[in-house]
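According to Swiss-Prot:
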LIPID     Ser1  O-palmitoleoyl serine
CARBOHYD  Asn69  N-linked glycosylation site
DISULFID  Cys82-Cys97  disulfide bond
Amino acid sequence: SGSCSLKTCWLQLADFRSVGTQLKERYDLAKVVRVTRKSRLEPRNRKLGTPTPTDLVHLESSPDYCARNGSSGSLGTIGRECDKRSAGMDGCQLMCCGRGYDHFKVTVTQRCNCKF
C-alpha cells in the first residue's frame, strides 16, 4: 500500500512544583568550592567529597538571611510575623533563626454594615 507511519517524539518538562522541590533539595546540599590554578573546582572541605556533575556548587557561602544587610538589601527576619504551627519557611522555627519569638493574641473589632 502507499501509506506510511509517522512517529513523533518530544521531551516534556516535569511539573513546576517537582522542579522547584528538586532545586531546593540540591540548594540545601550545595557544596562550597574553590577554583584551582588549573581552573578545576575543588571542595573547600574535602570531607564533603568532590561534587558530582548534578551537584549545585557555589564559590561563596550564602549570606545570613536572618540578619539585616544593607549591602545586599536584606532586611533580615527580626520583627516579622511567623506561623508557629508551620514547619515551612513561614514557621517560627526557621524564620526566627533560633532567637526565639513572642507569642501574642490580637483581637480586631470592625464595623461591618450588616443588615438583619
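Every residue gets a Cβ built from N, Cα and C, even glycine.
Annotated features, which come from Swiss-Prot, shown on the structure.
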{"residue": "Asn69", "record": "N-linked glycosylation site", "DSSP (3 states)": "strand"}
{"residue": "Cys82", "record": "disulfide bond", "DSSP (3 states)": "coil"}
{"residue": "Cys97", "record": "disulfide bond", "DSSP (3 states)": "coil"}
Cα separation, Cys97 (disulfide bond) to Asn69 (N-linked glycosylation site) (Å, whole number):
15
Number of other Cβ atoms within 10 Å of the Cβ of Cys82 (disulfide bond) across all protein chains:
16
